[in-house]
Amino acid sequence: MADVVVGIQWGDEGKGKIVDRIAKDYDFVVRYQGGHNAGHTIVHKGVKHSLHLMPSGVLYPQCKNIISSAVVVSIKDLCEEISAFEDLENRLFISDRAHVILPYHAKKDAFKEKSQNIGTTKKGIGPCYEDKMARSGIRMGDLLDDKILEERLNAHFKAIEPFKEAYDLGENYEKDLREYFKTHAPKICPFIKDTTSMLIEANQKGEKILLEGAQGTLLDIDLGTYPFVTSSNTTSASACVSTGLNPKAINEVIGITKAYSTRVGNGPFPSEDTTPMGDHLRTKGAEFGTTTKRPRRCGWLDLVALKYACTLNGCTQLALMKLDVLDGIDAIKVCVAYERKGERLEAFPSDLKDCAPIYQTFKGWEKSAGVRKLDDLEPNAREYIRFIEKEVGVKIRLISTSPEREDTIFL
């Protein structure tokens, strides 16, 4: 059976810590979508690890780690991540169906961002997915056969010829790209496998599989705050499509949310706090992007969005992250509905334009940092947790009270 860990906000919820905390109980840990635009930060034995493509199970020697087919892969960046770890043989596997991000994709991404102003990381994620959908991309499996790779490269060069000047690719682009593959492909090829068959077989044998998503539900290309979204499907349903596991294989869906809200880049954010309180949350929560170092926009917990995300993903349990960031705040707000043009909205709309938050205020607490038992939390903190559970209709099974792995309350 497989369990899914999915972000149910705008990403950066703390999925990495949760996967790292529970990975020891699984045989496989699988990253199922996105690219190196995402980032997991894990603190292990006092050392901070920033992972962008590698599954979070790499810190456990017994885990097999898979990058599955719906992930788009920068082979240069993956090589750098691989070099930071030892003994990855028979522990890391990359789907032969996953698509390769080319330097051209990053150039195109930056070019388009100038006019679209979506707030992308400009790492080529969207353009790589564009080529995938246009059936013109290069897949990881193509790297295993020089003849096939050459065919794919020639087709790529022909397709981009009209855009070379616009995307500032340079006169030596063809030579440089071939050299790029010669440099990085040999380091990657030993890890490329038919991971779909691997996972189907593992599931049939009853091995335990953990599927981890990137970004968050509200950035989903179909169900998120379009057009201010990522280029992949970020919900739990994507885990099945990417891995080849059918929906019957899914057991638990663990939704990850912070005790407040954050968002990186542009796009609507009804519960954003632009007062000094927002700055306080950003500073105390160290809310700066793992990948881009951009400051995250911060605000209060949005239960309208949270209920929507829980429903989309079929969440069976929740993990509440960064409760300690709210320590010492006298009055804590929670968005319980929106107001738009005089109308109260309790369902998440397809367009958040003109939506203003309707808040309910709770009394704060002094300290939750480092607490590892529910009974040791102050009454006001416990009341906050119970309110979230009641409103969302999903049990909170885990509460994080610091970045450290051990500072976790299990319920």
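In case you wondered, yes, glycine gets a Cβ from its N, Cα and C as well.
The active site, proton acceptor feature in Swiss-Prot is assigned to Asp12. The active site, proton donor feature in Swiss-Prot is assigned to His40; the stated evidence is sequence analysis. Feature annotation from Swiss-Prot assigns GTP binding site to 11-17, 39-41, Arg296, 322-324, 400-402; the stated evidence is sequence analysis. Annotated IMP binding site per Swiss-Prot: Asp12, Glu13, Gly14, Lys15, Asn37, Ala38, Gly39, His40, Thr121, Arg135, Gln215, Thr230, Arg294, in sequence order. The Mg(2+) binding site annotation in Swiss-Prot covers Asp12, Gly39 and rests on sequence analysis. Taken from Swiss-Prot, the feature substrate binding site applies to Thr290, Thr291, Thr292, Lys293, Arg294, Pro295, Arg296, supported by sequence analysis.
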*Going by Cα-Cα distance, pick out whichever of the binding-site residues Gln215, Thr292, Lys293, Arg294 is nearest to Gly11 (GTP binding site).*
Gln215
*Protein Cβ atoms within 10 Å of Thr292 (substrate binding site), excluding its own*: 17
*Count the other Cβ atoms sitting within 10 Å of the Cβ of Lys17 (GTP binding site), across every protein chain shown.*
27
*Fewest other CB within 10 angstroms, which one of the binding-site residues Thr121, Gln215?*
Thr121
_On a C-alpha basis, identify the one among Asp12, Gln215, Lys293 that is nearest to Leu323 (GTP binding site); the candidates are the recorded positions._
Asp12
*Around Arg294 (IMP binding site), which residues of its chain at least 6 apart sit with Cβ under 8 Å of its Cβ?*
Val264, Gly265, Phe288
*Asp12 (active site, proton acceptor): nearby binding-site residues from Gly39, Thr121, Thr292, Lys293, Arg296, Cα cut-off 10 Å*: Gly39, Arg296
*Give the distance between the Cα atoms of Pro295 (substrate binding site) and Thr121 (IMP binding site), rounded to the nearest whole Å.*
13
*If one measures from the C-alpha of Asn37 (IMP binding site) to the C-alpha of Lys293 (substrate binding site), what distance in angstrom results, rounded to a whole number?*
11
*Could you check the recorded positions His40, Lys293, Arg296 and say which one's CB has the most other CB atoms within 10 Å?*
His40
*What count of other C-beta atoms do you get within 10 angstroms of the C-beta of Gly11 (GTP binding site), across all chains shown?*
27
_Measuring Cα to Cα, how far is Thr121 (IMP binding site) from Lys17 (GTP binding site) in Å?_
22
*Among the binding-site residues Gly39, Thr292, Lys293, Arg296, which ones place their C-alpha within 10 angstroms of the C-alpha of Lys17 (GTP binding site)?*
none
_CB within-chain contacts under 8 A for Gly14 (GTP binding site), separation at least 6_ = Ile256, Lys258, Ala319, Met321, Lys322, Ser400
*Taking the Cβ of Leu323 (GTP binding site) as the centre, how many other Cβ atoms fall within a 10 Å radius?*
24
